[in-house]
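> The structure that follows is given in the form of structure tokens.
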Amino acid sequence: MLGRFFNHQKESQAVDVKMDVPRHVAIIMDGNGRWALKRGMPRNIGHREGMKTIHRIAEYANHMGVKVLTLFAFSSENWLRPKTEVDFILRLPERFLSSELPKLQANNVQVRVMGAVEALPSHTKKAVDTVMFETADNDGIILNLALNYGGRADIVQAVKRLSSDVEQGRCQIEDITEEMISEKLYTSDFPDPDLLIRTSGEIRLSNFMLWQMAYSEFWFTDVLWPDFGTEHFAEAVSVFQQRKRRYGGV
Ligand code: IPE
Ligand code: IPE
Ligand code: MG
């Protein structure tokens, strides 16, 4: 898959003049609950509304030339929420399948999922597998949904798999490199995020892609996720394009 992504990228660089479009954008979709409470509605209505924002942004990012859009949908810490809310959120992939799949197909979007999916309820896994299967041949933007994902948990699973390589004699401890760790993370098929967006006014990472965001540019907005529109996404990208990335250099 790594080959596929990078071939894809080379092709688009050959024909694409939009060179400073971020290749990988990550979004912490936050503020669904507050969006609903502000309207006197239960929090879950906010999650239902927030789901509708996903296609709007994926379609727009695709047209812009973004290659990967990673959305934080459910964190490994979100199990701390009331069971009714957790149950509702984990039913959303089924709703997503029925209401959003035709639009994703029409826009050539390929859906992927990252996180500890094995610990999700079987109905969630089934919906997620179906969406991935149905969109697997699409070669437009990759919509990568982080479900039961935590940045630290990602590093732990990577360390476990790398340790097992050492144990089996497939590599030596002293030969371990940063690239080898990156290759064991859930994001191994993708470049690191260029741009991180967080909605709802919170200025924190909440355990999202800790390793991968070492050099990402951050953009925060007070807009709540259900209200997040293409104009906000465009603003984030335009701010990104004015940033000077130095990676420690001058
Ligand atoms: C983000 O919205 C969605 C998830 C974490 C699943 P929240 O549910 O966190 O909304 P607020 O932050 O409580 O408003
Ligand atoms: C982060 O939002 C997780 C997702 C958007 C899925 P939270 O709402 O869970 O983050 P905290 O609790 O405010 O840090
Ligand atoms: Mg929140």
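The backbone N, Cα and C atoms fix where each Cβ goes, and this holds for glycine too.
Pasting the feature list from TrEMBL:
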BINDING   Asp30, Glu217  Mg(2+) binding site
ACT_SITE  Asp30  active site
BINDING   31-35, Arg43, His47, 75-77, Trp79, Arg81, Arg198, 204-206  substrate binding site
ACT_SITE  Asn78  active site, proton acceptor
> Look up Gly33 (substrate binding site) in the DSSP assignment and report helix, strand or coil.
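It is helical.
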> Select, from Gly31, Trp79, Glu217, each of the binding-site residues with a Cβ positioned under 6 A from at least one atom of ligand 2; if none does, say none.
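Near the molecule: none at all.
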> With H, G and I counted as helix, E and B as strand and the rest as coil, say where DSSP puts Trp79 (substrate binding site).
helix
> What binding-site residues in Ser76, Trp79, Arg198, Leu205, Glu217 place CB under 6 Å from ligand 1?
none
> Around ligand 3, within a Cβ distance of under 6 Å, which of the binding-site residues Asp30, Trp35, Glu217 show up?
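With ligand 3 as the reference and 6 Å as the Cβ limit, the list reads Asp30.
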